[in-house]
Amino acid sequence: RESDHRAWTPVTYTVTRQNATIQGLIQGKAYFFRIAAENIIGMGPFTETTKEILIRDPITVPDRPEDLEVKAVTKNSVTLTWNPPKFNGGSDITMYVLESRLIGKDKFHKVTKEKMLDRKFTVEGLKEGDTYEYRVSACNIVGQGKPSFCTKPITCKDELAPPTLDLDFRDKLIVRVGEAFSLTGRYSGKPAPKVTWLKDDIVVKEDDRIKIKTTPTTLCLGIIKSVREDTGKYCVTVENSTGSRKGFCQVNVVDRPSPPVGPVIFDEVFKDHMVVSWKPPLDDGGSEITNYIIEKKDTHKDMWMPVTSSTVKTTCKIPKLLEGREYQIRIYAENLYGISDPLISDEMKAKDRFRVPDAPEQPIIKDVTKDSAVVVWNKPYDGGKPITNYIVEKKETMATRWVKATKDPIFPGTKFKVPDLLEGCQYEFRVSAENEIGVGDPSPPSKPIFARDPIAKPSPPVNPEAVDKTKNSVDLSWQPPRHDGNGKIIGYLIEYQKVGDEAWKQANLTADSCPETNYKVTGLTEGLTYKFRVKAVNAAGESDPAHVPDPVEVKDRLEPPELILDANMAREQHIKAGDTLRLSAVIKGVPFPKVTWKKEDHEVSPKADIEVTGVGSKLEIRNTVHEDGGMYSLTVENPAGSKTVSVKVVVLDKPGPPRNLKISDVRSDSCYITWMEPEDDGGSVITNYVVERKDVASAQWVAISSSSKKRSHMAKYLMEGTQYLFRVAAENQYGRGPYVETLKPIKAIDPLHPPGPPKNLHHVDVDKTEVSLVWNRPDRDGGAEITGYLVEYQEDGADEWTKFQTVPMLDCVVTGL
């Protein structure tokens, strides 16, 4: 038994030796053990361990440390590291012992008294040229473990060191022209490394501006009065016989840009403006061009006038020119670091170069009828020559070909009535202008129009009313207007007014957001009273409003909950274990009720899926088990009331195990078995019981009854002296339940009784401290061979008998009297 428990647990029944191995104990727990002897008569008294026994692996010294390595060697020191042993012996490592041996000597000597738990140590004060080997051991509370494998012989001398490089500069460096810059850093290595500087893979050489300075530990490249050509990728290489290291820096020497590239090209020249273009500078100064500055100068004057200083394009319009004057243009490029020298153009006179008129703007269509429409447009720029004619064209929107509206000239007016349209067809129109140079581009097409007589505003909607409401909304409904004004009703505008206010507020902003004859007005304040009105809208505009007859108080409409049960919510529902349980009902009520499912007045099992929609609720349990049965209830509740419905669910399953299995009346060839019915019959009547037995030496169970309806059975035909186990299971129409099994085996033997009393007890000899006794065998032995006789004595006048000893024969000498 565990030391903190009172119950004893049997370990085995069949130990014939005087020792046993107990399995399945838990490390770290303490246990008591007891043992008793048993013969065919029964079990003797137990002998118990006097102290609790703690279960744990035995503690030993640690294994040897691993991976002892030499990390650094100088002429007078050695640095070593190692890893802990694979097994610490069952106790934490308390220290490490590091030992060294001078090659040529026999003994190892302890190096230090430090505990070295960080597993790293530097042995100092050694003699240059001496050779040592080292080993390390781990210690725990038990003692010192085996030493590690020795290092290779180590000779104290300075080692080679590969180069290191620590730079003071970043990957990129930007420098203004004329400024100085330097690239510095530190380095090390044994033997002393060689330092080399490269720019764009070419060795850097010193001159008046470039200086290179190298000391045993530092390096520096300095450039005085930098120029644009100093831009490049600089590389410093530190190299010795053991390796090399490199560092890089992209240096960008920046300056103002060079001038834009000419010549200045005059793309367009007019009497009052010009359009010029140029090419970017060949050198942007190492920084993106951020701006061009453009200036103009009348050649009759000496003053340059600004045009713009905020463009990154290489083209520019020069406005506000005087017709007939000659002009020069100059252009500067600008980056973050300054403004370039200018590019100056040739002289150019401001005068028109005549061309066809521009395209007019999109025309407007007015006064549409079923066979005509009036097209109106604005006069475009005439291209330098007066406009002599306008050309108006029409096209059905689905067609691809434009047709002239008339062959007659249209001038000077800028509107034209297009005749001969087909009623109901959709048309687009465009206009072109003409001068003596030619016909200009056409305007963009007009908006499409249908050829039909103009429409009027519709009449008001019919019979608006409030059909529903909540605490913050009202549902309105109405009939379409009696007259649509010859135009399609686009939709409706809904307005509301708080009683006592003068202003009407719009519930929807556009008519097409309410194309149907109903609308929910939301965002109202609970408890207030509102008026409502509705307008119909077509292409001609809004109708007069139609008013809802009475003001409406905004509050929830209450309807008590109502449950319409589905077929699976009958008073009682039977399902087989493993099937899916489904319970559902349709729910009504305003506001929509709160839905609660319960089982036996408790929360429903978490494995149940519960779904609630706006019209009902459903409970579903997959892979049902017998425990899912019970009384389920569905409650719906809102401020107007509540309603509850219940259904009894029976999950039909195999029965549980029988109870209270007992074995009695054991004989050499039979025994009597009794039991009680299971606590749970699985929802169906128990049809029969199955009884089986098993010889403890066999793995096979044997049925001795499979159709018993009684709760008892006489097991016959047992073999005398054999030990048996028995088990019983119940069956119903859904299958066989689990077995209940006897806890201990019973042996098939006839019952034993104590033997009768010995006969004719008398003494044959007496001494001052002892008595010799003899007796005869009893008349009956109780069904088993007599194994011994217990001798007791009592001092005359005393109440209790004192046990002397048990003897196998019919005589005994009692001593110590």
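Quick reminder: no glycine exception, Cβ is built from N, Cα and C everywhere.
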Item to check | 39-64, 455-480, 767-792 - the one TrEMBL records as region 'Disordered' | outcome: 455-480
Checklist entry - Any chance the domain 'Ig-like' (163-252) and the domain 'Fibronectin type-III' (259-353) have 3 or more Cβ pairs under 8 A, given the pairs are 6 or more apart in sequence? => result yes
Item to check | Integer mean pLDDT for the domain 'Fibronectin type-III' (757-817) | outcome: 88
Next on the checklist: Could you check whether the domain 'Ig-like' (561-646) and the domain 'Fibronectin type-III' (657-751) come into contact, where contact means at least 3 Cβ pairs under 8 Å with the two residues of each pair 6 or more apart in sequence?
Outcome noted: yes
